[in-house]
Amino acid sequence: MVAVASSSSAASAPRSGEEIREAFLNFYAERGHKRMASASLIPDDPTVLLTIAGMLPFKPVFLGQQERPAPRATSSQKCIRTNDIENVGRTARHHTFFEMLGNFSFGDYFKQRAIEWAWELSTGVYGIDPKNLVVSVFREDDEAELIWRDVVGVNPKRIIRMDEADNFWASGPTGPCGPCSEIYYDFKPELGDEDIDLEDDDRFIEFYNLVFMQYNRDAEGTLTPLANRNIDTGMGLERMAQILQKVPNNYETDLIFPLIQAAADLAGVDYHQLNDKGKTSLKVIGDHSRAVTQLICDGVTASNLGRGYILRRLLRRVVRHGRLLGIDKPFLVTMGEAAIALLKGAHPSVIERQEVILAELQREEARFLETLERGEKLLAEVLASKPTQISGAQAFELYDTYGFPLELTQEIAEEQGLAVDLDGFEAAMEEQRQRAKAAAVSIDLTLQDAIDQVVADQAATCFEGYEALDHASCVQALVVNGGPSTTAKAGDAVQVVLDTTPFYGEGGGQVGDRGVLAGSDLIVRIESVSRSRDVFVHAGRVERGELALGDTVKAQVDRACRRRAQANHTATHLLQAALKQVVDPGIGQAGSLVDFDRLRFDFHCPTAVTPDQLQQVETLINGWINEAHALQVQEMAIDQAKAAGAVAMFGEKYADVVRVVDVPGVSMELCGGTHVTNTAEIGLFKIVAESGVAAGIRRIEAVAGPAVLAYLNERDVVVKQLGDRFKAQPAEIVDRVAALQEELKATGKALAAAQAELAVAKAGALAAKAEAVGDFQLLVERLDGVDGAGLQGAAQSLADQLGDGAAVVIGGLPDPGDMGKVILVAAFGQQVIAAKLQAGKFIGGIAKQCGGGGGGRPNLAQAGGRDGAALPGALDAAQAELTSAFRAL
């Protein structure tokens, strides 16, 4: 029999989340398991967006695609799941971010030892009374039941057989699979052992799952025993914390509740005094704050695609639930700081990445608050009409016009007991797609259709361009002037398919080669090369002679162009390596362009790269160039390449055998492009621009090799022209421009002051025109040729002269010759404000008559418009509206 808990072991059992995690890892480390660090939430697996299970990092090992790290391993793996996000905060145990404790055997121990250790850990280390435990087994797994009953000593009534849907694990329709056994905690053992229903979530919680991988399933569904059987287990850290800390749900454990308390403090509420709706919002904030912090830490940035969209959705849910609690100011950074403080012990990388995490939280919250304010206003108008549902058209308007996520509309509607017409939403989305198609510029698809037609019948082109730039090739297909053909003559635009080619076809960000196809009295100038289904299509024009199907031609790549493309491509690899070293190791490629004269690299990064960092990157790259690193290019299995540390672009599909381009000690990437043989061939590298191209995506543009000299020569010309213009030496230009800017600034201030004085002087004569309306002094006048600051000064001066009952409105054209710009200002005294009239609201409404708007403080405000012809009518309206308001008082 396996040892069970005693009262003393229960008293000394781990309690905190940190202790529970460490106890698990130590228990298995003492039993020969290698402690493995948590893998990133961004998995090295193109089939999933995020790490969703503790076994995912070991999946290649279980599938026989990768060498095992050790016969036995144990880990605490960070995981994210969002498939049931709507249940977060509403149930006791649903989360987006969670930690999965696991022990793994790769062809080492199997079922009996896994069961014995799981029981020993649960009862002996964690001190759980066996009376509180129930186990499940697969309905056909007699072996597991016997071990639980006869070896461990579990009461047979507390061993429950389950169907395949619950207790049989498979990696997919085919492949390794096997039965599993789960351990449940019973919160109500006093109810006895009869008619146990493990689906009763109020009574039972599953906390430890043991998977026995012992079969291989083929396409026919036949199960064959595996030669090497494996163990894959998972224990939910948050669930065990709930059990040992004796709290009603996972959220009230020390792993999450500090974040709930932080949110409650921000909202000024007491968690324990809130209703269920309020508690749910706090739980969502607590859960999601952990998730977004870990996602950003591992390199995810908010976007509208893939895992970036998951991050954005979680962030926006946090903000919205904060608003439901009355938090009307930005607070994500505060929650991020609280999450970092909570997570840093087990996950020190959050401290290393703190600046990046907080910057992304701040940026995305600011972006969403604008969206939320617009969308909530429109949605409130919709709900005010008390509809039976939110129509598809309304949901689409929120999405399309205001950037309001459909999921958020669904959540808000659900809170009001309403549904969203999803079919109508999809119909509106499809209508927009069709409108976009109809409005788009018509594209002549005849050429592409012709190319597709000839390519469909061709075998893959044999590419010889890594080793040779000249090759004798046979013409396999021709497209001439937009249609399939057997011949092409001088002057014809032509697309040529060859059996073998030295020309690189556009791909991987690199442009296709240029060159010629030559023969006896034949020249075909090739301007670009593309690929379609591994068939290379050479596009160009026949300059001399005639080309026919079956001809043998000499395919010659333009060597100068190829050299420049090679230099730029290798420089792009060096750029990514330098960015990882200088800016952030988590930087990942989002796209690239390798042209003959320039290169462009897009990468995931939440903030702009600073000028100092750009200088460091540039210096580092030129240092690697000067060090003359010889490149090593080889083909190897994809798993071997990744194990060696080769960088792959996420989302890119790779073959089983890949090409690895290695700059030893600097960079190693999977790449099918062409490269220099030594970094010294690049010559020079120069960054010319850094910018943002999308949310969380930065772009660096650069030149390399001879293009650097051309770039510097252009800059020299500009510097010389500036020097001549400002009569200054190159080193003096910056100071000279700065001095001129200061002079201009001072002149501008003096001019503004003079204009303000002039406006006040002009206004002085207007005070006598004020009209007494009851206890108020009303003055509405036009004053052209004065800017906004001048009009404000004049209005305020007049209001001061007229006293507390003053209401002054002045409108004018700052440039009397420009009818497209109107300025309106209002200045109200305290007596007017006390009568519930505010300058900001009033002048904003008047400005609408001039096609504009604006506002400001209750006592002084400015608005603008675009229709000067409407100004007289707007001033008349102001006079009438204020007169009526004053007489009504």
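Including glycine, each Cβ sits where the backbone N, Cα and C put it.
Per Swiss-Prot, the feature Zn(2+) binding site maps to H569, H573, C671, H675; the stated evidence is sequence analysis.
Feature map: Swiss-Prot annotations on the structure.
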{"residue": "H569", "record": "Zn(2+) binding site", "CB count, 10 Å": "26"}
{"residue": "H573", "record": "Zn(2+) binding site", "CB count, 10 Å": "28"}
{"residue": "C671", "record": "Zn(2+) binding site", "CB count, 10 Å": "25"}
{"residue": "H675", "record": "Zn(2+) binding site", "CB count, 10 Å": "25"}
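Compute the center of the Cβ atoms of H569, H573, C671, H675, which mark the site for Zn(2+); besides them, the chain residues with Cβ within 8 Å of that center are Q566, T570, T572, V594, V661, E669, G673, T674. DSSP classifies H569 (Zn(2+) binding site) as helix under the three-state reduction.
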